[in-house]
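Engineer: Below is the structure I would like to discuss, written out as structure tokens.
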Amino acid sequence: VSPMKLKNAKSLICDLLQNSEDIRCKCICPPYRDIEGQIYKQNVSLKDCNCLHVVEPMPVDGKDVEAYCLRCECKFEERSSATIKVTIIMYLSILGLLLLYMVYLTLLEPMLKRRLFGHSQLIQSDDDVGDQQPFANAHNVLSHSHSRPNMLNKVEHAQQRWRRQVQEQRKSVFDRHVVLS
Amino acid sequence: CAGMENPGYRSGSVDSLRHRPSDVVVEDDDDDDEMVDIAGATLDFSNTDDDPPLGSGEYFVERGSRAGSMSGAGPGRLVDPLEDPLPGKSKDRDRHREIANKSRQSTVALLHSVSDAFSGWLLMLLVGLMSGALAGGIDIAAHWLTDMKEGLCLVGFWFNHEHCCWTSNETTFQERDRCPQWQSWAEIMTGTSEGALAYFVNYLMFLVWALLFALLAVTLVRAFAPYACGSGIPEIKTILSGFIIRGYLGKWTLIIKTITLVLAVSSGLSLGKEGPLVHVACCCANILCHLFTKYRKNEAKRREVLSAAAAVGVSVAFGAPIGGVLFSLEEVSYYFPLKTLWRSFFAALVAAFTLRSINPFGNSRLVLFYVEFHAPWHLVELGPFILLGIFGGLWGALFIRANIAWCRIRKSTRLGHYPVTEVLVVTALTGMLAYPNSYTRMGGAELISELFNDCSLLDSSQLCGYKQSNSTSGAGVGNGLADRPAGVGLYAALWQLALALVFKMMITVITFGMKVPSGLFIPSMAVGAIAGRLLGVGMEQLAYYNHDSAIFRGWCSPGADCITPGLYAMVGAAACLGGVTRMTVSLVVIMFELTGGLEYIVPLMAATMTSKWVADAFGREGIYEAHIRLNGYPFLEPKEEFQHSSLTADVMRPRRSDPPLAVLTQEGMTVEEVEALVESTHYSGFPVVVSQDSHRLVGFVLRRDLLISIDNARKRQEGVVGASQVVFTEHSPAPADDAPPPLRLRGIVDLSPFTVTDHTPMDITVDIFRKLGLRQCLVTHNGKLLGIITKKDILKHMANDCQQRPRLHPLQL
């Protein structure tokens with residue numbers, strides 16, 4: 001592996017990780033004589049972050065440059081656009097997954113259960129008014145009728161228990177208003 | 001033994017009813033109410049049973065395996081539960097003793113003991129890291145979604161407005177916010193950015209996005225984790241005082257609260273993120289406690305971690321670690337020993353550091369509203385500051401009354417049956433009224449930043465629309481900032497701010513308490529900041545036009561920069577927040593950590609104290625205590641006092657009309673009788689007395705332990721049947737030849753229950769309950785058992801008594 005290839009690989013990785021546009025120097029210069037207030041931005045490193053390097057084109061001539069630059073304030077700022085991108089994409093994917101799961105739970109799963117097991121086995125449902133899962137005991141019926149591998153049973157059991165917990169919470173928060181005003 | 005004892009163990013071992021009151025004393029038993037969601041939040045999928053943690057099978061197997069490995073007999077041997085010391089109460093002490101003893105035997109064991117000592121610190125580190133990371137993510141996502149209502153970034157949709165224009169080259173100040181990469185919705189959809197059509201399109205898109213976010217938030221909360229709504233601080237206060245709410249700190253609540261908090265904040269509703277961030281941090285702490293055996297099993301130690309997590313929550317909300325620790329000490333925690341203080345500080349710092357490295361504010365700032373000015377203030381200005389304090393106190397009292405009334409309406413009438421509709425209507429109302437006014441259109445934090453900051457020379461916002469002085473040519477040396485009369489821009493800004501103040505005051509009342517995550521620090525601070533700024537500008541103009549009057553002559557000469565309206569905004573924000581939450585020290589520390597302005601501690605303190613006194617004159621409770629009382633949580637308020645002095649005999653049970661006390665005798669009852677007694681009542685515990693004739697007290701036994709022991713004895717011990725005698729004494733009499741063997745249950749009796757006499761004043765009894773975290777206490781008379789008094793009886797008594805509660809003089813607090 002030649003050193004040139006190594007160097008290329010390294011610079012590629014560096015570029016991926018740190019966008020060179022993520023640093024900048026921002027100089028705010030107030031009005032001076034008849035020049036208006038201006039803001040100058042350039043992406044230079046910390047050592048070059050001063051008025052002389054950043055303010056281009058310099059609006060005043062030779063002798064006034066120092067006076068002008070004394071009034072300017074220069075700040076070095078950096079950010080990480082990779083972090084922002086990753087965070088937003090993760091957030092949107094989690095939100096999308098939750099929405100899909102919600103749609104699945106409320107719309108698709110009852111349809112699937114109905115199609116698989118027919119209407120008759122699922123008549124005995126809870127009489128609760130706020131019951132969102134009228135087929136809540138579908139899994140009990142399942143476990144009696146089929147023999148399933150243990151892992152799947154466990155997952156379904158856990159999911160059923162979670163659903164019941166959420167139902168309880170929903171009843172106490174939304175319906176009876178005993179918790180959380 | 002003394003040499004090897006790690007001091008961390010001693011203070012860490014918690015035994016609820018045995019230690020001195022100065023230690024951490026919180027009961028580690030479960031209430032007869034619901035339990036912390038140990039099952040739902042566990043990360044290992046082995047034990048997901050949500051039965052009581054002392055489920056019959058698992059408990060004994062686990063103790064057995066541990067005992068077995070220690071004595072070298074192998075994991076198969078089960079420890080006889082009847083020879084064990086009290087389950088749950090000395091588990092931690094035993095564990096520590098075993099580890100300390102074993103550590104002398106081998107290096108591995110020594111390392112194990114060291115790691116056990118450091119597990120607390122490791123846990124704090126992890127809590128800080130996780131909370132900081134989550135808070136950074138929430139900040140970034142919230143900024144992005146808020147700007148999404150206004151436009152879109154064309155170079156990368158994940159950038160918000162500020163980041164989109166990061167590298168733009170616009171140089172003039174007026175155009176600093178506009179860059180070609182960022183386009184508002186009107187520009188994208190219609191191609192124009194000025195004019196009535198563009199305004200209308202922007203307005204419409206703003207409303208559409210706001211409604212969409214609010215709808216998503218409330219449906220997610222409703223579908224997955226209904227406990228994720230509201231602020232969270234009242235419930236965490238209750239949890240830290242001993243009441244347990246199952247599922248409140250579980251993993252689904254964490255996920256949903258994080259996601260919907262971003263949505264709720266971005267939808268333009270008048271709410272903040274601070275309360276929900278405290279809840280998020282406590283959820284993280286609860287979930288991470290399952291990685292450590294020491295904390296998973298012991299409720300009391302877990303509550304210490306939750307106290308520290310509350311500090312972490314405020315620390316990441318504001319970037320104020322010290323303020324966070326003081327907030328946890330003052331507002332949230334029930335017991336706060338010194339050890340927790342140091343650990344909370346460590347966790348808060350780790351979280352603040354993590355937040356800073358994620359860098360959500362974009363310029364390596366840690367604090368939320370960094371204030372750049374350091375102008376001095378004069379003693380005369382204390383007058384307006386105290387005025388702001390009075391305003392803050394009045395507003396706090398009014399807000400609490402109005403909000404509680406609205407929440408009560410929501411609980412009892414039909415309004416509460418339509419939570420989704422309510423959220424949508426409030427969002428629509430907020431959006432429609434907020435958009436036309438530029439000060440309500442921007443988010444709460446942005447508004448506060450703008451109000452706090454002083455006008456620099458280059459500031460072109462309306463708030464700095466002063467008439468420029470004409471001396472720009474030669475004498476550029478003069479301080480152009482100071483002492484200018486208000487221009488047209490500033491008058492317009494003042495009108496808009498006044499309208500914004502009225503709007504925000506009214507809309508926050510109906511927003512806090514809705515079924516989305518909502519906090520109330522930022523809206524209260526916004527109200528205060530607007531009021532403060534208005535007063536500050538008023539004072540400034542007063543000083544400009546009245547240089548010669550007696551008040552201003554000495555210190556405010558013409559041309560000098562003597563009054564900073566930004567400072568008034570800061571003081572107003574502190575006053576209003578103090579009036580609502582009744583925070584004192586923590587508020588002052590948070591404010592000066594937020595703004596970096598150490599010079600302003602005295603005005604902040606003056607305003608905070610005034611606002612607290614004024615608000616306390618109208619009602620003793622802060623907003624969180626008021627919500628606790630509204631929901632009826634069993635929380636013993638530390639500051640309550642009784643009007644009528646009464647004796648314990650008046651409050652204890654059984655009363656005259658009640659059936660006599662259900663007791664167990666120390667010998668002479670059979671298993672069947674015991675089971676019948678237990679099943680015929682609902683009590684969670686029974687006193688054990690010497691005999692039915694002399695009710696001299698032996699001890700107290702819990703229902704749960706009784707049932708489990710009898711159950712196990714029936715299964716495992718030989719010969720125990722319904723007719724076996726139940727013996728609570730140490731030495732049982734020899735059984736008759738054909739009688740079945742007795743069941744010895746001395747091991748489960750608590751031989752040192754707390755007792756008070758029937759003539760103990762109620763004040764002292766309530767104090768005992770509070771300080772020791774008791775759930776029940778036995779009442780004796782002349783040494784004989786008379787009755788029992790529980791925490792619920794005390795709460796009922798206090799509720800009855802508070803009908804005519806006297807007003808404590810505010811200065812007594």
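Keep in mind that glycine also has a Cβ here, set from the backbone N, Cα and C atoms.
Nobody curates TrEMBL annotations by hand; they come from automatic prediction.
It should be emphasised that the depicted structure is a prediction, and the values quoted were computed from it without experimental measurement.
Summarising the annotation, TrEMBL assigns region 'Disordered' to B:1-31, B:65-98. Per TrEMBL, the feature compositional bias 'Basic and acidic residues' maps to B:89-98. Residues or ranges marked as transmembrane segment in TrEMBL: B:121-145, B:203-228, B:249-271, B:277-293, B:305-328, B:385-404, B:416-435, B:493-513, B:520-539, B:567-592. Positions annotated as domain 'CBS' by TrEMBL: B:652-716, B:748-807.
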Engineer: Top stretch among B:277-293, B:305-328, B:416-435, B:493-513, B:520-539 for CB pairs under 8 A with the transmembrane segment (B:385-404)?
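Structural biologist: It is B:520-539, which has the most Cβ pairs under 8 Å.
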Engineer: Residues sitting near the transmembrane segment (B:121-145): Cβ under 8 Å, six or more positions beyond its termini, same chain?
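Structural biologist: Counting only partners 6 or more residues beyond its ends, the transmembrane segment (B:121-145) has Cβ contacts under 8 Å with 158-160, 162, 213, 258, 261-263, 265-266, 273, 277, 280-281, 284-285, 288-289, 291-292, 295, 305, 308-309, 312-313, 316-317, 343-344, 346-355, 358-361.
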Engineer: Considering pairs 6 or more residues apart, do the transmembrane segment (B:305-328) and the transmembrane segment (B:277-293) have at least three CB pairs under 8 Å?
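Structural biologist: When sequence-distant Cβ pairs are counted, the transmembrane segment (B:277-293) touches the transmembrane segment (B:305-328), since at least 3 lie under 8 Å.
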Engineer: Summarise the domain 'CBS' (B:652-716) by DSSP state, stating how many residues are helix, strand and coil.
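Structural biologist: Here the numbers are 24 helix, 17 strand, 24 coil.
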Engineer: Under an 8 Å Cβ to Cβ limit, what residues of the same chain, 6 or more beyond the ends of the transmembrane segment (B:416-435), are close to it?
Structural biologist: 203, 206-207, 210-211, 214-215, 217-219, 222, 267-270, 410, 441, 503, 507, 510-511, 514-516
Engineer: Considering only Cβ pairs under 8 Å, which range in B:203-228, B:249-271, B:493-513, B:567-592 makes the most contacts with the transmembrane segment (B:520-539)?
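Structural biologist: The listed stretch sharing the most Cβ pairs with the transmembrane segment (B:520-539) is B:567-592.
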Engineer: Mean pLDDT over the domain 'CBS' (B:748-807): what is the value?
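Structural biologist: Value for the domain 'CBS' (B:748-807), mean pLDDT as a whole number: 81.
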Engineer: According to DSSP, how is the domain 'CBS' (B:748-807) divided among helix, strand and coil residues?
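Structural biologist: Here the numbers are 26 helix, 18 strand, 16 coil.
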